[in-house]
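Taken verbatim from TrEMBL:
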type	residues	note
BINDING	A:C35, A:C38, A:C54, A:C57	Zn(2+) binding site
DOMAIN	A:31-289	domain 'CoA carboxyltransferase N-terminal'
ZN_FING	A:35-57	zinc finger
Amino acid sequence: MLEDLFKTVKSRFDTDPEHSKKSKVSIPSDLLFKCPRCGHVMFMEDFVGANKVCSECNYHARLSARERLNITIDKGSFVEYDADMVSANPISFENYEKKIEALQKKTGLKDAVITGECTIKTKPCVIAVMDSRFMMASMGSVVGEKISRAFERAAEKGLPVVIFTASGGARMQEGIVSLMQMAKTSAAVARHSDAGLLYITVLTDPTTGGVTASFASIGDIILAEPKVLVGFAGRRVIEGTIKQRLPDDFQSAEFLLQHGFVDMIVERQNMRRTLSKLLRHHGYVGTSK
Amino acid sequence: MGITAWERMEIIRHKNRPTIRDYIPLIFKDFYELHGDRLFGDDHAIIGGIASFKEQPVTILAQVKGKNIDENKDSNFAMPHPEGYRKALRLAKQAEKFHRPVICFVDTPGAFCGIAAEERGQGEAIAKNLMEFFRLKTPVITIVLGEGGSGGALALGVCDELAMMENAVYSVISPRGCASILWKDASREKEAANILRITAKDLLDLGVAEEIIEEPAGGAHNNYGQAAENISDYLAGALGRLVDVPVDDLLANRYQKFRKIGEFSE
């Protein structure tokens, strides 16, 4: 990345291969962050310090589920649900187990969602956070089951649910079984809602396909982070159908707000406070410490 | 058996494959189509209305495939926009109010992918149907006539019983889409069709469908009357099983039908 910036300089050195070899400085790949939206380059240290928000265009970059929990919930309050649940291979899809195992090693996750109970500024809630590093947080049996159980437990305990969504959609490798998770999770949302309980969705980058078409779109209150991608169909699929390029803001959080499908766009630095206040508005006052 | 998923897809793509427009007069009496979602417009990819089935009033919701280019243009090749799903939900709630069973016929490549569909909330429309059909205090039966394409099919697929026509398929992704993701080559759709487990028998084995409705030899296009009669026989049985079930049990069973689907270990 840094090499791209100094391309002209680098090419000058390249004319002398001996010199070029000696002067090659190894640059750690995590030194810089280049914004995928606007191309702005920041030092990784500054980027991380800003909770991974681009200082130029305000794009809210993807966080791992653990990073998200760290900046959202009260320290030490998290009690994880179903931490050991792992996927089977319902339609015997070739290489599916291998793929899962490799991702488990790489990410330290068992599958694409972490669920559990926590407090946010002392207010209790059930929380689910999806992690796009795990097969683009696609929804298979594990995601479907953990989300459904999260709603069922919240309903039993009279707790609100907060979900940070991110997903490429249903998980193709589980065939029709993954499609049915859309129905299953929506059913669990309905039961929780019928118990008079609050469900807040936070749409993060990217939320698409079967997750948009199920539990992500039926929250009582739907928040979104700035500039994130949210939609049903893939951009390329639509471009292929209409044979023209779509505007850049198509399927952005701002696009959804304009068309009436999002309640509020909330900056990452304000998310914890916003969730806390919304919980409070619904009678969750928490335990004063 | 012995017919591959791909061969079944060729059968359901036969140009004379009966559509819901063929079946309605053969199965029901006095069908009156009702239009519009009361919010935006009337989607022609989904029709809805009231008819009687063996003297019992029922609400019909169905995706409409055409048999020629004009019919398909009118029904957008059975790919609904959000207003189609919202019309279906409006008519389902009407059915609930008047204690009519709802019978859904699925036959779609999928929900339409386009600018207008996104602007009007395709994801929200499908999600809302999934949630609201779980609350519907009247029996819901879904029959997949031919093609069950992903979320666009599932939006009419939250039901008490799911039946598949013998050659129908139901899939999370089109074999073409699967092939292009998996091998970056859409032309390998035939291979993809055969590994995705999308046939009626597969769905029965996976616990997603309850029943397979037999088709005349070679496929439903060879004998509309026989195919319609088989659907009628199934419907009579299914309604018999469902109409007298107390509402609380009906809803609890519907929840369980979907709740138990999923394979994992812990």
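Heads up, the Cβ atoms here are built off N, Cα and C, so glycines get one too.
Note that the coordinates shown come from a computational prediction; the quantities given were computed from them, not determined experimentally.
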#### Entry: Non-site residues, in chain order, whose CB comes within 8 A of the mean position of the CB atoms of A:C35, A:C38, A:C54, A:C57 at Zn(2+)
A:P36, A:R37, A:G39, A:H40, A:S55, A:E56, A:N58, A:Y59
### Task
Could you give me the DSSP helix, strand and coil counts for the zinc finger (A:35-57)?
6 helix, 4 strand, 13 coil
### Against chain B, in sequence order - binding-site residues A:C35, A:C38, A:C57 with Cβ under 8 Å
none
### Query
Among the binding-site residues listed here, A:C35, A:C54, which has the most company in the form of other Cβ atoms within 10 Å of its Cβ?
A:C54
### Summary
A:C57 (Zn(2+) binding site) has its Cβ surrounded, within 10 angstroms, by a count of other Cβ atoms equal to 13
### Message
Around the C-beta of A:C38 (Zn(2+) binding site), how many further C-beta atoms are within 10 angstroms, looking at every protein chain?
### Response
13
